[in-house]
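Structure record follows, encoded as structure tokens.
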């Protein structure tokens, strides 16, 4: 997923804009309140004002999730038939949500990259390749939305991938590989439509110029109209390490080994690269210095590279031991250096980051890191590592806690767990400024019960937690994970649904959608969030993990058998 470069002016501006939005909303509310009560006395105003604020729950007072979420008042029935009916109903509710979001896109933005879910406006920020449509193709197929799939498929076949809209000459290599190429490959794998494979080859060829650099390591962007890679001084490890599944699958389906060879060159490069610990990487590669630098993170800018280690091994029928070895090296180092128990509750663990210079741990947990429980569970299943499954369960509990512990039942984008267990806000802010180059000016909300600061209260319709819930449920069979997923879906429905889809949410502690909804709906909501929720309530043999591997955009690829 796209993230602003940590420390960049864009990231700093985004952080300050977020704060200003929050301040503005509260200011507007105060203004409305004053206007409404101008006819009242000052005494009455004071009473109303303090009454309102005394009844507003502080973060530490918001009810947290129960020790066992299946407890009364909504216990699950004992009958398997009754459970099946519940899941069928929930599955249909997710399908209806997809229909609603797709209707908004189709009505307001068909053929554009994104629809704005509140206003109904649209954009072509990815180059005008109808990215939402490509990302949604296999979800439409999976959910049995046949007519919508056919209409989207017909449009996809007409897209000219050799050109982009004039104001977006460069497309992001990684994002287009996972969304456009991945979407077409996933749709082909499910439909066996040869024309979709031809379009996948077309987009794969257009993007393959990204490999045409002096080192063979892709730059961040590709100039489609000029058919060349666009130089960038640095690239994050997720961008170069998360194109392998797509090009390996394209080689298998087209019988052309050149795609695999280009992608494998990156794996070999990363395998041999100098690392601070076995399997762990600094997040940025400098083309000028020819070395890695930056923090060490399992979340933003690094996440999908670690995810692809084990998935490459599985996709290729467990025949290439290099992928297994690299994954195990990574997991063992991460367990020792980057995964920590929660001070307030050791039954939960989180993945922090390591600072660049001294490799000191910082309890910086981004929603993107919520993919880790699913990855660990998948690795445990395929490599017979039961201890990793237990670790996955502990982190899964933490990821869900961040949803259930908010006023809306939606998770914030970024929290910080003080690694020393102390709540020194000044130290947290200093650490953040040192790591990312911009300051956190406003006071941070501190959760007394679980001991964390909320740095960014935005919920961006992200899929990582429900993705992990799908893996944990399918691998363990524990229906608790379905209940957690259902709770999340209900919150999505309640707070983010709009006229033309579902909106990102600025503040998960604000229960008024009219203020908190943001006019943005990324294509991954179609490709991942709704798909993983649908699969969470589907039979385990439907798009089975024994048959398919999901790319980082949730596009299903059949395992390569030869």
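Easy rule for this one: first residue shown is 1, then count along the chain.
Each Cβ is built from the backbone N, Cα and C atoms, and glycine gets one as well.
TrEMBL: automatically predicted annotations, no manual curation.
Feature transmembrane segment, per TrEMBL, maps to range 33-52 of the set 33-52, 53-72.
Considering other CB atoms within 10 Å as the measure, the emptiest surroundings among the active-site residues 175, 464 are those of 175. For the recorded site, residue 175 (active site, proton donor), the DSSP three-state label reads helix. Ranking the active-site residues 303, 413 by how many other Cβ atoms lie within 10 angstroms of each Cβ puts 413 at the bottom. A separation of roughly 20 Å, to the nearest angstrom, links the Cα atoms of residue 413 (active site, proton donor) and residue 175 (active site, proton donor).
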